[in-house]
Each structure stands twice: as C-alpha cells, then as structure tokens.
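Residues or ranges marked as 3-phosphoshikimate binding site by Swiss-Prot on the basis of sequence analysis: Lys11, Ser12, Arg16, Ser155, Gln157, Asp302, Lys329. Under the heading phosphoenolpyruvate binding site, Swiss-Prot lists Lys11, Gly82, Arg110, Gln157, Arg333, Arg385. Sequence annotations record features per position, and here Swiss-Prot assigns active site, proton acceptor to Asp302.
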Amino acid sequence: MIELDINASDKSLSHRAVIFSLLAKKPCFVRNFLMGGDCLSSLEIAQNLGARVENIAKNSFKITPPWALKEPRKILNCNNSGTSMRLYSGLLSAQKGLFVLSGDNSLNSRPMKRIIEPLKAFGTKILGREDNHFAPLVILGSPLKACDYESPIASAQVKSAFILSALQAQGTSTYRESELSRNHTEIMLKSLGANIKDQDGVLKISPLEKPLEAFDFKIANDPSSAFFFALACAILPKSRLLLKNVLLNPTRIEAFEVLKKMGTHIECVIKSKDLEIIGDIYIEHALLKAITIDQNIASLIDEIPALGIAMLFAKGKSVVKNAKDLRSKESDRIKALISNLKALGIECEEFEDGFYIEGLEDISQLKQRFSQIKPPIIKSFNDHRIAMSFAILTLMLPLEIDNLECANISFPQFKRLLNLFKKGSLHGN
C-alpha cells in the first residue's frame, strides 16, 4: 500500500486565512500555506493593502494587518484567482478608498455579475466591464446597509463575498442559497468572533462589534488535490492508497462519496476535530460502475473533471446534470473534458448543463482503442483541473499534455508526486 501525505495545503483555507487576517488588526499566523499561484495572489494583494508579511518558516507567514487598509496606487492583480477577486470585492466594499481588481484573460472572462448584484444590495459602489458582467472591477468603498439576499446559485465565493460585506454593514443581513456550498468562511469567521448564525439554511450575519480575533492556523491537505490520487487508485488494478492529513469537511468530500458509490472501497478515519475535521482516507481499487450525478453539485464542482476520468472506466453510461457552472470556470470544463475524451476515441457527448460518458470494460479496451488512433495532444486549456485529470491517464497511456505546468496554480507538488506514483516510490513521502 502506498502512503501519501500530498503536502498540498488546502486552497480554500489558505485564501481565507490571508483575507480574514485583514479584519483582525493584530498579527496572525498562517502555517502550511499553499504556495500555489492563486493563493500567492491573495497574499500579494494583502501586502498591497498595507499588510506586513513575514516568512517565519517553510510555507508559513506572520501577517500583520494595518489598522486601516491602504488605498493602493496600482491595480490589485488577482491573476487567475477567482477566489481572490470575489472575496476581496466583499472585503473592500466598505473600506475607505478606490480599488481596482483585475486578472488574466481567463479570469477577466469569468462571470462577476453573480457577486456584483448581492454587493449592490448593500449599497456597494461597484462597477464591472460589459454591464457588470466581467472584470476588471472598480470599487469605491462606502458605508453599507444590511440587506436580505437569496442567491440563484450555490457558490461559496458568492456567499463569502456577501458575508464579508455584511460584517461591515449597519444591521443584520440574511443570505439564502439553493443548496449548501462550502462553509469554511462561516466556520473560520465564527471561530474568530463573528456573529453568524445558521437558522434552517438561512445565514444571519451581524456586523462586527470589534476586530476579528488574531489567530494561528495550520492548514490541512486539500481534498480536491488529494482526489487526483484517489482517482489513480480507483482506476489502477490492485492499487491501495492511504491519503494522510486531509481536510474532511463534509462540504468538501462529496466526490469521494461519489467514487465510493461507483464501487471504490473508501474509508475516512478522523484524526482531529478542532476548527475543521482532519483525517486519513484509505482507498482500494475495485471495479467501477456507471453513475448519474445531478445533486450536491456545489460540493463536488471542482472534482467533476476527475470524476469524468473515473467514468471512463465505469461500465455503462454515466451522466452529469445540473452542472452548468462548469462552463464558467478557468475554462469551459464540460467542453474541455468531452473534446479531449472524443480525441481518445471515447463515446461521450456534452449538453448545456452536463455530459454523458459511455464507460469501457477495462483498461485493456482503452489501450486497444488508443493503439488504433494517432495519439492526440491533450489540451489543458490552461486549466489546472483539466490538466491534472488527464495527467492521471498518463499512468497507463503515453499521453502528452500541452501545459501541465498550469497545475502549479493549485498543486505545485503534483508533477513530482505523479512521477513518484509512476515509479511506485511514494511510501514515506
């Protein structure tokens, strides 16, 4: 059995630890921070807003926030990070100053009206390109008034932007969403003194009466990153894997539950229940069966491309529905997944809010089909999750991926671990 501590700190928690420190007003410590491109964007923006960031150990920082955020002289560059842009928009909505947030071509093509509308409900002065649909975003910080908002989509980023504004508004605000999205923001902020109550799925957020408490967070391993190696174990015969020190928040492990329903043997062992649930995940290969995914999409949206690879080895027709938001990620992930699978000779098709994949009998059938075609170059579309999903197939096929380097956005150790996985030399790493 391979034991693997992926050393890939959770992306969601890393972003939030940096951004929330700016509301603490006292030094905060973030340990085991994810040194990927997206999270580094959040860290750099914090510095541009006046925070002092000191490197105190490997992947660990002391963040000393300013008493009042500084109006930056330059654009706040979010690069490829939608989390940075959306959460900072909420944070800055009530701060004194003019703030401009922009990103790369991919981020500036992603939908931003989904956060502009709830922020405007507070009275936020915010503008976006093309009638508020896209970044760059311009925010003129101003006093906010509490509001009630029902989000048409389940999105942790939208919810988090709303909460950060609500904490700075006059009066108690309420937020509803169609299904539960990731709840790290609520968990972390409540632990730091914020008054946030969940009443039958409706969040009630009261304004901060004092700065957030200073904190010392150690970030656990990211289940979304760990899932790529769970996928590898699920599709490689006779494989057994132990993923160590993984965040086991129930809103983050739905993809593991889906893989379990498909037939993979999976067991989670809880090791600690402090701020978040952390533990180990044991995975053992078994024959996979087809599945339909049409619920709890918000809790597994990031893992659907990888699940698409699992469906390739699940006998029968697998279907994904109600996942239109996949088209608004770093790439159109529905199109990216299906176009690459078709290039491999797989029977599959996309539709507006999902896709279907006709699974194969076994690996030998995939290798046989592969031998009958000219090996395609897999197009990552510069999307880290598409690149890593198809990279798992290189464990059994001589595939070339046009840009595996984009994995560094969320999982800088991925290529090294994948190579060690190929060599079967991961024990103890």
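Every residue, even glycine, has its Cβ placed from backbone N, Cα and C.
Since the structure is predicted, the reported quantities are computational estimates derived from the model, not experimental observations.
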Rounded Cα-Cα span from Arg110 (phosphoenolpyruvate binding site) to Gln157 (3-phosphoshikimate binding site), Å: 13
Other C-beta atoms that fall within 10 angstroms of the C-beta of Gln157 (3-phosphoshikimate binding site): 23
Phosphoenolpyruvate binding residues Lys11, Gly82, Arg110, Gln157, Arg333, Arg385: largest Cα-Cα distance, in Å and rounded to whole number: 19
Local backbone state of Ser155 (3-phosphoshikimate binding site), from DSSP in three classes: coil
Of Lys11, Arg16, Lys329, i.e. the binding-site residues, those within 10 Å of Arg110 (phosphoenolpyruvate binding site) when Cα atoms are compared: Lys329
Mapped DSSP class for Arg110 (phosphoenolpyruvate binding site), helix or strand or coil: coil
